[in-house]
Amino acid sequence: MTGASEQCEASPLVSKPANCEYDEPSYGTALEREFEVHDIGSLVDVGELETAFSFRKLLRFAGPGFAMSIAYLDPGNICSDLHCGAVAGYKLIWLLFLTHALGLYVQTLSARIGIVTGQNLAQHCHRQYPRSIRIPLWLICELAIIGSDIQESIGTAIALYLLFGVKVWAGILLAAVLSYFILGIQRFGARKVEAIFIAMIAVMCGCFGVEVLMASPDVGQITKGLFVPRIPSNATVQAVGIVGAVIMPHNLFLHSALVGTRRIKRAADIRLASIREANFYTTLESAVALLFSFAINATILIVFADIYSRNSSDHSSLVAAAEQHLPGLVEAASLLRGAFGKAGPLLWAIGLLASGQSSTATGTMAGQYLMEGMMRLRVSPWLRVFISRSISLIPTMLVGVLATSHLDQFDEWLNVLQSLALPFALIPTLKLAQSHAVMSSDFATTRNWRLFGWITAAAIIALNVYLLFPIMLELALHGAAAACLAFLLLGLYLVFVAVLARYEILSAVT
């Protein structure tokens, strides 16, 4: 246990009362359980406050942003990139970049909440919302994490199938076992975990980067796709899917917690300057991490855009075939074999394996922070991964055994689930970040940034309604009862979003 002075160090940085007493668990407490840290000195010390830019200081802050960026590289995103390249060619690169830019904005807000207040997003949700809101909010976010876990299990299973010929159902079981191996690394400290994530990103950069070099794509078309916004009429679904695949709801909870692994100098005379420094380096590190994420996603899109455009005489028929039946992660390996020989599917499978296993670990960590912070359910990481994997294993195994040919359709539905759940993490983030009572007048978002954030949230909700309407109309064809149920669920969804948006945020310290 830490002493009274150390507990005071772990307390919120702003609005800190003189006696430094809180009923809420501090960052230090949560991270001691997660990373087996037994005193505050075991956290990453970022050093003394510096007035000029320091690359060494940036390296000390580096880690949480790269861990956060893993969610932008999970198998669901890889599948989305593949589909965009197959159907729209290079035309959606600009949208991929835009979603990463929006992701940087919301992730920065999430990280700032953690840095400024000393508590993560889930802990704030526990403080701010009554049980009638908090429980359904927690269940929706947990459902999104389980959906993401299913995607990652399927991605890992497909990678094992491509590498070793392991049956998909056996690969799903093996993926669950591998999760415990990565989880065990957490016992050696935050920096070790972050090093593993950075290594996984490097593997993906290497594998997918080599494939781009092998493809030798049209640089002019890539440049046009990046700087000329356009959405082909036949790629509307893929364009909407990019948003659902890239920005993950559980990532906001994760990032706001992981920034707590940095020990910031909190003496009263330098507290505000330390927070500003931490916000600057955290934002910079997140931008660098998401730039790598964008590059990896873009390489996948570009490779398959190149494959589908290589034979100009068959291009129209190939795109038409892709629209009728989108290529999946397994079929992608066959396409790469035809384009690049044996090296193509090998690089693809290794990159996919790194994607699936690293995103599984970050999803487990996010679930741990969500469960402990929002519901005060203190469950060990080992039990957490057992529970989440047990719940997700049943539908994943059913698909792996009974519907192997429909794995990618299942993956698309899970991307829709992520998009639907996103407002329930995004809205609390926006509300907290703009609150002067929570963030203080020094760090609350300004009027223009607040407006930008709410426009972004409204656009995401509108996209979700756009995604839901065709599904509802299809259900309506099955009778009046099905139609009433579909519209009732849509109404409940919109009402809950409105309640979150209008709920008043109180002081961070109660």
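Yeah, the Cβs are placed from backbone N, Cα and C, and that goes for glycine too.
According to TrEMBL, the protein has these features:
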TRANSMEM  158-183  transmembrane segment
TRANSMEM  195-215  transmembrane segment
TRANSMEM  235-259  transmembrane segment
TRANSMEM  280-305  transmembrane segment
TRANSMEM  346-370  transmembrane segment
TRANSMEM  382-407  transmembrane segment
TRANSMEM  413-430  transmembrane segment
TRANSMEM  451-469  transmembrane segment
TRANSMEM  475-501  transmembrane segment
Quiz item: Sequence-remote contacts (6 or more beyond its ends) of the transmembrane segment (413-430), Cβ cut-off under 8 Å?
Solution: 76, 79-80, 106, 109-110, 113, 121, 124-125, 128-129, 137, 140-141, 143-144, 147-148, 150-151, 240-241, 243-245, 247-250, 252-253, 450, 453-454, 456-457, 460-461, 463-464, 467-468, 493, 496-497, 500-501
Quiz item: At an 8 Å Cβ cut-off, counting only pairs 6 or more apart in sequence, do the transmembrane segment (451-469) and the transmembrane segment (235-259) clear the bar of 3 or more pairs?
Solution: yes
Quiz prompt | Winner by Cβ pairs under 8 Å against the transmembrane segment (235-259), considering only 158-183, 195-215, 280-305, 346-370, 475-501 | solution = 346-370
Quiz item: Near the transmembrane segment (346-370), which residues from the same chain, at least 6 beyond its ends, have a CB less than 8 A from one of its CBs?
Solution: 30, 34, 67-68, 70-71, 73-75, 78, 120, 122, 138, 141-142, 145, 148-149, 152-153, 155-156, 158-160, 162-163, 175, 178-179, 182-183, 186, 193, 196-197, 200-201, 203-204, 207-208, 210-211, 250-251, 253-254, 257-258, 329, 332-333, 336, 379, 381, 384-385, 388
